[in-house]
Amino acid sequence: MFKQFIDRPVLSTVISIVLVILGVLGISTLPTTQYPEIAPPTVQVSANYPGANAQTVLESVIIPIEEQINGVEGMTYITSTASNNGSAQIQVFFEQGVDPDIAAVNVQNRVARANPLLPREVTQSGVITQKQQTSALMFLTVYSENEAYDGTYIQNYLNINVLPRLKRIKGVGDVSIFGLKNYAMRVWLHPEKLAAYQLVPEDITAVINEQSREAAAGSLGQNNAEAFEYVLKYSGRYKEASQYENIVIKALDNGQFLYLKDVATVELDAEGYGAISFTNGNPGVSMAVYQTPGSNAQEIIETIHEELEVLRAEFPKGMTYIVNFDTNEFLTASIDKVIMTLLEAFALVFIVVFLFLQDVRSTLIPAIAVPVSIIGTFFFLNLFGYSINLLTLFALVLAIGIVVDDAIVVVEAVHAKLEEGANSAMEATKTAMDEITGAIISITLVMAAVFIPVTFITGPTGVFYEQFGITLMVAIAISAVNALTLSPALSALFLKAHTHEGEKKKNFADRFFIAFNVAFDRTTKRYVQSLGFLFKHKWITGAILIASLAGIFWAANTTPTGFVPDEDRGLIFANIELPAGATIDRTVAATNELNNRIKDIPGISDVSLVNGFSIISGAGSNYGIAFIKLDNWSERKEDSKSVEAITGQLFGIAATIPEANMLFFAPPSVPGFGLSAGFEMKVLDQSGGSFNELSAVTQSYLQELMKRPEIQYAQTSFNTNYPQYEIDVNITKTKEAGISVSSILTTLQGYIGSIYAADFSRYGKQYRVYVQALPEDRATTENLNSLFVRNEEGAMAPITEFINLKRVYGPQSATRFNLFNSASVNGAAAPGYSSGDAIAAVQEVSATALPNNYTVDFSGLTREEINAGNQTTFIFILSILFVYFILAAQYESYLLPFVVLFSLPVGVMGAYVTTKLAGLENNVYFQIALIMLLGLLAKNAILIVEFAIQRRRHGYSRKDAAFEAAKVRLRPILMTSFAFIIGLLPLVFSGGIGARGNNAIGTGAVGGLLIGTILGVFIIPILYILFQWMQDKVSRKPEPTTITTHDHE
């Protein structure tokens, strides 16, 4: 069947040319991203209860909504956070593969059930359900060096002029701002004046809604004989502060009128004051840009940069921007590094091939075949809906060493026939293809078989395996097609029959190749002699296999584990926390001191600060965030400027700043799994106890955890020591005075908590009107003496007559996990330990240090790492089973495949031991390399076994067939193995950006194949003799008595 491709070289070349053209088209249309869509779909529900504390928000907002959402289709877990600023956030995480749009609709339907159970203030503000964009493409900050523009102006300038344009860029899913400074009409009440006129805050909200409103009055002149029709138009909602000031509250007895400006101060200002941002010491506003699923991250960021430059020209004088973090920087640098590695691997592979083949024509054939396989793969990536990302590019780097194998096998086999005296390249090619077609098909099926099971891995880990495995499978399949079509055709065209001409002058290359061939022939002879020794001492083979299994067991249990390696991404996050109850001004002072102390550290480019927010805990006056941008990687080649070194300096400086507790960490390894690297977990209270009990248990647990050497730090922001006052209403007095409890609480809310009174439109946007007392009238408990409540008869009474305040303590924010109250814990593994070691330590301490009805659960990337570990072993075994059954079908034997399977442990041991000795982790990259290694090691065994079976059919004895196969196949085995090994050396010795991922995948693959090849070529023939003997016993086939002329001395 395949001989027609030898006779029809045009057909063979056309197939390859078409594949290349399709591949180029695929490259031009494929999106480019750092990783595929790995993070699970997430839906966020947000609500706000103005003036409510965390406990109130939890009980009145979160619990009713949670109970309705729980169990929604496809949900994996649910987390919730309630804060003292009245905000509520619920995050619902779904299984990988769930349509996020459908998930959002399902959650919205569940939320609608809870709406009747929510306070009126919450439904008035709105309960928002939306897909959460989990992976930010970039963080950027707009700041002003002009003192005329403060944070409020900057944020609203962005809302009006910048965000709409950025959101319209194709592929941008959302742009969110860190801040609460949207414009709002602030009606600052004067309590004494209101009391003098017998007014309460509710009266003010009523007159605002009465007079500032939209109306649809209709038209005059409709449906009659009038010549004109006149639309009746009301002035609508007020837009200016002066209009609100002139709202009439009531008519006075003296014939005058009481206006709003008589009892309140009205101004256009900010909606909230809980966040203050600075960049390089200047007021600024930070924001994050998110992409839509399946979009091209590289193109989006380039377009955003272009748009920002246009916008910069329109900024008010003194305003500018910086990009704190841009995935394109890391992505571009990483892809450039991988492409360079790809080229280096390509060059090194063909140096090895040329060394063995010693002929330019012969080397040219694999050099043509490899680009066809690599480029053609992009067409199928496009077909499968994949992207150009670090995983697929890594796969193609590894593919170079694999796909070259098939072409080498073909060329080497044709060379061998020409050496044996074939009359023409055409004859040699046809004879060689008769012998090796079965081996090529077997190798391809086995290489594909090891990756088929990985497509069944679920969750984000499955995306890693799937995109990596499918990319390799496609490249290998195209390589096999080339080996059966293009390579034979080119061999028949390019190669020449060997002629022995007279002695000619030899150059250096000729002398080198002669010496190399003599040395290789001598090595081959000694190799065959060694096989004779091993045949006589078969126990050595058994000892090697037992030692390999022991080595695997030792290394697998002592090698640190992880999910994916942490990389230097050019950004460090800082989470800043001051003592409970600290004001925003104290937080600003602490973060400014941090900025002044670190801004001149070598390697740091810019520092942006957001006060009032925490990466870990959300909103709070005692929290802060810092985005610390590092210089470009090309400017940080010294060890002192590495992200680890700079982080160490930051911790040292932070230790000298009083009051503040500061943590520094890099972004997560995989975007979309939280905002920080390290491990994330929750301490769950399943007993329904108080927050104080949960806090005490958590602190005690963390003390025990910190005793473990695997843990660098483990801390929680859950703190119940925030000063609070508990209101006790004297019911008997309120009844006696004719005042309702709701009137007292509403009055307190109006003066202290604020009331969302109405809306107004301005600058093409809609904003809110808030009623609240001036800050100086709600600063201390003494100010309560100025607040009055009205009874049923209209008389005013001091509110302090009916309430007592008790000093208590409580949490700033309260969190829940899967419907249980929880405390969030973030931590990191100590230097020298992996995330897997840290997780194991957490689980061990949890089993002994937590009381009954308390447990821990994991979230984010940590949860996926644990799930991945549970699946990998099963997939590894399944891959081996697939290999076994394919070979059993190929050999028509259930015993001979064990020759291949029993040759695998030596290579697997080599991969584990080299990874262990190199100080690397057993992570997803290593596990992918290990699965790939199964196919490569099986390939070596197949080359020997396939040839031995052919010799066996020609009447060779078991020993002679095995030894002859080993002798003939030694050269192609070493050539293909060392071509792969040399091609991966750039990954093994990689440094700089993306180095840890390169090292993880390269070291295991090189170590495994090197040791597996060196030991495998010795044990495979002995294993073949053993299992062929068993096969003969089962089939009752006698040992042939044919005497061969092959030398096995």
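Just so you know, glycine gets a Cβ as well, placed from its N, Cα and C.
Annotations in TrEMBL come from automatic prediction, not curation.
Some features that TrEMBL has for this protein:
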TRANSMEM  338-357  transmembrane segment
TRANSMEM  364-384  transmembrane segment
TRANSMEM  390-415  transmembrane segment
TRANSMEM  436-458  transmembrane segment
TRANSMEM  470-495  transmembrane segment
TRANSMEM  539-556  transmembrane segment
TRANSMEM  868-887  transmembrane segment
TRANSMEM  894-913  transmembrane segment
TRANSMEM  925-949  transmembrane segment
TRANSMEM  970-989  transmembrane segment
TRANSMEM  1001-1027  transmembrane segment
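For the transmembrane segment (338-357), the residues of the chain that approach it from at least six positions outside its boundaries are 363, 366-367, 370, 374, 390, 393-394, 396-397, 400-401, 404, 408, 411-412, 415, 516, 971, 974-975, 978-980, 982-987, 990, 994, 998, judged by C-beta separation under 8 angstroms. Listed stretches 390-415, 470-495, 539-556 were compared with the transmembrane segment (925-949); the greatest number of C-beta pairs under 8 angstroms is found for 390-415. Remote same-chain residues near the transmembrane segment (539-556) are listed as 902, 905-906, 908-909, 912-913, 915-916, 922, 1015, 1018-1019, 1022-1023 (criterion: CB distance under 8 Å, separation of at least six residues from the stretch ends). For the transmembrane segment (390-415), the partner stretch with the most Cβ pairs below 8 Å, chosen from 364-384, 470-495, 894-913, 1001-1027, is 470-495. Remote same-chain residues near the transmembrane segment (894-913) are listed as 446, 544-545, 547-549, 551-552, 555-556, 559, 880, 883-885, 887-888, 922, 926, 929-930, 933-934, 936-938, 940-942, 945, 949, 1004-1005, 1007-1013, 1015-1016, 1019-1020, 1023-1024, 1027-1028, 1030-1031, 1034 (criterion: CB distance under 8 Å, separation of at least six residues from the stretch ends). Take the transmembrane segment (364-384) and the stretches 470-495, 970-989, 1001-1027: counting Cβ pairs under 8 Å, 470-495 has the most.
Distant neighbours of the transmembrane segment (470-495): 2, 5-6, 8-9, 11-13, 15-16, 19, 359, 361-362, 364-366, 368-369, 372-374, 376-377, 380-381, 384, 386, 391-392, 395-396, 398-399, 402-403, 405-407, 409-411, 414-415, 418, 425-426, 428-430, 432-433, 437, 440-441, 443-444, 447-448, 451-452, 455, 932; these residues of the same chain sit at least 6 beyond its ends, with a Cβ under 8 Å from one of its Cβ atoms.
Packing against the transmembrane segment (1001-1027) from elsewhere in the chain are residues 394, 398, 527, 530-531, 534-535, 538, 541, 544-545, 548, 895-896, 898-899, 902-904, 906-915, 918, 920, 925-926, 928-930, 932-933, 936-937, 940-941, 944-945, 948, 958-959, 961-963, 965-966, 970, 973-974, 977-978, 980-981, 984-988, 990: each is 6 or more residues past its ends and has a CB under 8 Å from a CB in it.
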